[in-house]
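Some notes on the structure that comes next.
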Amino acid sequence: MTVLDIVTYPADVLKDGALPVANIDGKLQQLIDDMAQTMYAHQGVGLAAVQVDSGLRLVIYDVSDQREKQQFRVVINPEVVAVDGECVSEQEGCLSVPELRTDVKRAATVRVEGVDREGRPLVIDAEGLEAIVLQHEIDHLNGTLILDRASRLKRELYKRKVQKRIKQAWQET
């Protein structure tokens, strides 16, 4: 397994959205395993394929209390098909938007449908942290970042900070 590079804002791939997975083959299985290795190496709780520069509708996550067992879940072609309950607002961070933590409103309960890594239909009724993580990762597949859900002020301050870093890096080369 390989730890993959995490794509960070403002990379275009993060805004492009993802295409459905057509074939579950050895190449996809390797991507899943590499994504898991990457997620754990970066202490993440979830990872979307677009975050490792793959334009596929694929997410992995692990919200278990025993993360050392690395019992991550895989959802291929995930779709939120139902939301229920009130909205909750939680502080979220993102590996692709480093150094930003912001309150994001999410549905408290969601139903997600997709397929597992063997291609079997999957229905997940999630609440709490699992619901938040699934919505966050599916947002990635739709080209939405937590930055897009942040307040306008926070969004503008973060964008300026990133542009300043890019300009400094450009000048150093």
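Quick reminder: no glycine exception, Cβ is built from N, Cα and C everywhere.
Taken from Swiss-Prot, the feature active site applies to Glu137. DSSP assigns Glu137 (active site) to a helix in the three-state reduction. Neighbour list (Glu137 (active site), Cβ cut-off 8 Å, at least 6 residues apart, same chain): Gly46, Leu47, Ala48, Val59, Tyr61, Pro78.
When secondary structure is read from DSSP and collapsed to three states, Cys94 (Fe cation binding site) falls in the coil class. Taking Cβ-Cβ distances under 8 Å and a sequence gap of 6 or more within the same chain, the neighbours of Cys94 (Fe cation binding site) are Leu100, His136, Leu145, Ile146. For Cys94, His136, His140, the entry in Swiss-Prot reads Fe cation binding site, with the evidence type sequence analysis.
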Those same-chain residues, other than Cys94, His136, His140, found with Cβ within 8 Å of the centroid of the Fe cation-site Cβ atoms are Gly46, Ala48, Gln51, Glu92, Leu95, Ser96, Val97, Glu137, Asp139, Leu145, Ile146
